[in-house]
């Protein structure tokens, strides 16, 4: 029950509210035991009145009034408890979601490289539901069940020890049977959770890549995958249900037998005048009331196993090591003036890999210098950028910014000094305004419009229904490829960071738009350190230096003209472009 202990520890900020709820629930449970006792005295008074005519009506009225008052108080407590319970559930969900999301945002990029986003979301949802379920069970059932069980057996022992013994016997029987049932349920729950994560992850992937699925005519295959996935889940459900109901039958059988014995004892004692009619009514009510804790016991143990297995991945994520912290950060950051970048003997190996992606990489970029990275696909160019952005840390060597180890800067400071236009369009399902201002929420509308104009995007934005506030759909699906790319360029222009990384920033533009954006980029790149990643010779012909990366090593570097004169990778790329050999050119990728 390691995860149960984690749940209790995690809910520490809500201990005070939990305590108040528990006290109210305990009071409510006590009220439920007072009612049968009052019923006993009421029945006895009525019997005396019927048999002898000497009943005390005043006492009877007082008892009835007390019973009414207890019921009224119990109803009020239940209402207050339910309201506090709803408040508790809301606060708990808020706390759990914020805690999980903060952890996700602080995890290293390597975690997201190996996890399905749909699976992560499913783990969040299941974790919150199971933890809330356990919290509800703890406050509403565990304490009242224990209290009612002890007091019920105690009251019964006062009137009839044999009856109390048989009622008490039910609890260990129920506990033993329910524990076996719950453990078997929990084992199957772990298997079911894994299948659900795979299914949700696959659905999310398919929805994100629906054009590919449809164009490849893979709808039937994807449908069959989920069909098989859900079939396996349903088999586990059926197995869990069969296990539960088999053990439930044994529980109920033991209950029927013992209740029969208890009833025989009660009627025998009443017949022999050992018990009064009121005593008999009280005992029968207590026996009936005792069944509720028994039923609750089965529910509690099942909930404990569900919470244990359902929160497993939730807590596994919370226990992962964070790569960065962003909570309680102020808006101030270090502005790096005229930055220089140097990689010194940098090597890097991805997690769970024995092969170095980069090996002993050395290069330097001066302030204001414009550099292009060139190389075959998989050469290590993307890794260079990922290390610079501190998505990962070098396995060996150092990265310097202005001759200072870049670990001396916070992750936020480094990224605030870098603008990046991704090769893939990274846009949110939101408005044009939100996407352009992303990372710079305090920008004015005039600044946003200026950035859009420089990116040759303002004209098409004006034509959208809603203009700056037009919704562009998930990943900008309502826009063309060129329009999406230009919004990213506008975002980079608005940021005006001293370091600029351009990953084929003009790849999706037509000739006219490309010319306008190239002019804007020339203005933008002035006085900045620029790393250009491009497939087109026209994009990199005016850079100060080209760095050629091959198999994780620096193969060559120099000016475009110097490298063109050498018989190397860059000269091959240049030759292929000049000859228009597009087939061979595909072997050369940047990023």
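Yeah, the Cβs are placed from backbone N, Cα and C, and that goes for glycine too.
The feature domain 'ABC transmembrane type-1' is assigned by TrEMBL to 19-306.
The annotation domain 'ABC transporter' is assigned in TrEMBL to 341-576.
Feature annotation from TrEMBL assigns transmembrane segment to 14-39 (among others).
Look at TrEMBL and you will find 59-81 (among others) tagged as transmembrane segment.
A Cβ distance under 8 Å defines the sequence-distant neighbours of the transmembrane segment (141-159), meaning residues of its chain 6+ beyond its ends; these are 22, 25-26, 28-30, 32-33, 37, 167-168, 171, 275, 279, 282-283, 286-287, 289-290, 292-293, 296-297, 299-300. As annotated by TrEMBL, transmembrane segment applies to 141-159 (among others).
TrEMBL lists 165-182 (among others) with the feature transmembrane segment.
According to TrEMBL, the feature transmembrane segment maps to 249-268 (among others).
The transmembrane segment feature in TrEMBL is assigned to 280-302 (among others).
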Worksheet entry | For the transmembrane segment (59-81): best-contacting stretch of 14-39, 249-268, 280-302, by Cβ pairs under 8 Å | 14-39
Fill in: Sequence-remote partners of the transmembrane segment (14-39) [C-beta within less than 8 Å, at least six residues beyond its ends]
63, 66-67, 70-71, 73-74, 77-78, 80-81, 84-85, 87-88, 91-92, 95, 135, 138-140, 143-144, 147-148, 151-152, 155, 278, 281-282, 285-286, 289
Worksheet entry | Other parts of the chain folded back onto the transmembrane segment (165-182), taken as Cβ under 8 Å at six or more residues beyond its ends | 149, 152-153, 156, 243-244, 247-248, 250-251, 254-255, 258, 261-262, 265, 286-287, 290, 293-294, 297-298, 301-302, 304-305
Worksheet item: Taking every residue in the domain 'ABC transporter' (341-576), what is their average pLDDT?
Response: 84
